[in-house]
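This report concerns only the one structure given below.
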Amino acid sequence: MPVDRIREVRITPVAFHDPPLLNAVGVHQPFALRAVVEVVTEDGVTGLGESYGDAVHLDRLRRAAEELRGVDPWHVQEIARRVRLLPETGTGGDGTSGMVRSATADRVLSPFEVACLDIQGRTVGRPVTDLLGGAVRDRVEFSAYLFYKWAGHPGAEEDRWGAARDSDEIVAQARRIVDEFGFNALKLKGGVVPPQEEVAAIRALRAAFPDSPLRIDPNAAWSVETSVKVGTELAGVLEYLEDPTAGIAGMARVARAVPMPLATNMCVVAFDHVRPAVEADAVRVILSDHHFWGGLGRSRALASTCETFGLGLSMHSNSHLGISLAAMTHLAAATPNLTYACDTHWPWKEQDEDVIVPGALRFEAGAVAVPTAPGLGVELDRDALARLHEQYLTCGITSRDDTAYYRGHHPGFDPTPPRW
Ligand code: GKR
Ligand code: MG
């Protein structure tokens, strides 16, 4: 059978509206950036991938794309080899405002690997889950991702969510997001207001949602001492405490002193972090993310690693569109030991703003049904892609910088951890 090789790779940066969500390093800008990757074969099969849209990352994606012509899309190892040969230029490009410092080559490989899996699935007429060993669940549960937030972007009207400044407003946000999407697990993005206020918000959530698993994630904004204090106070309340403090050594000190499991998407973000984290017994749960673990195949390898060391597995998210949600859903569906509800920023985007044809992915009772159509099961909406690309060209943002945007309104803001 003749091999259908990669003929062309298109990378299209897009921008979509994002509310002013607060985190430990600042606030989300009015637009989030993503890169839409299309890998096209000689026979005209197109596979889709989605990744960060920061300028330095786009540049790396484009350089990698030039190396992929002629490669067999079933040979992801060869694609990985070519990506790893590229020189790393500059730092950053992680789409997280510097919060998640993952391996550059894995970040670059990820959307090409996903697009190749989409091609493979389309070619053989099977969903991506089948290429990953088959789905072990037909719906994937996600968590409500709650944020402190401004009422609206400065100079604009109040957005549809309004402000979230204190416990009452966080509970109101949770009620609304749960009503609209049906989530069960609730995650609060912390590291924004003094820890005692965030503890009060978690307690208020517990009172309002007695049966929901709760998590808080201050993105390492707390000292070891503060983390231990918070973890002790919230004994029996949290299902896990996510990245309270920076680094494996600090996390290990916290882990020894608090009763609940610690989870991370900050101190273990690549395979060579696993061994020191296990040796120090620093974390009990790793949050995978195919966007920086090198794609779906390597995320499955991470799942096996977690199984080997008796670690739990959850899933991290950043602001994203539908191609990413499809890939996250396929991965979670085909990963037996991914037993926690996955993070998603999905509710925060405008629901009619995306690059995919609507209808393929829907939240019901906090979960997304796993697509069963060939490949990822989503189709590119070319008009929408063109609109969001135009928005990218005119929005004036070329890299995510939550700190600079926040400082524009609070000069002197210093996100250097520990803030508390
Ligand atoms: O969207 O502000 C945000 C989050 O803080 C995000 O950038 C983090 O990467 O969600 C993430 C996390 O769990 O650390
Ligand atoms: Mg996190």
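Backbone N, Cα and C atoms are what each Cβ position is placed from, and that goes for glycine too.
The domain 'Mandelate racemase/muconate lactonizing enzyme C-terminal' annotation in TrEMBL covers 167-261.
On its own chain, LYS189 (active site, proton acceptor) has LEU21, LEU22, ASN23, TYR145, LEU146, PHE147, TYR148, ASP217, PRO218, ASN219 as residues at least 6 apart in sequence with a Cβ closer than 8 Å to its own Cβ. Here TrEMBL flags LYS189 (among others) as active site, proton acceptor.
Under the heading active site, proton acceptor, TrEMBL lists HIS316 (among others). Cβ neighbours of HIS316 (active site, proton acceptor) (same chain, under 8 Å, six or more residues apart in sequence): VAL100, ASN265, LEU287, SER288, ASP289, ASP343.
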Mapped DSSP class for LYS189 (active site, proton acceptor), helix or strand or coil:
strand
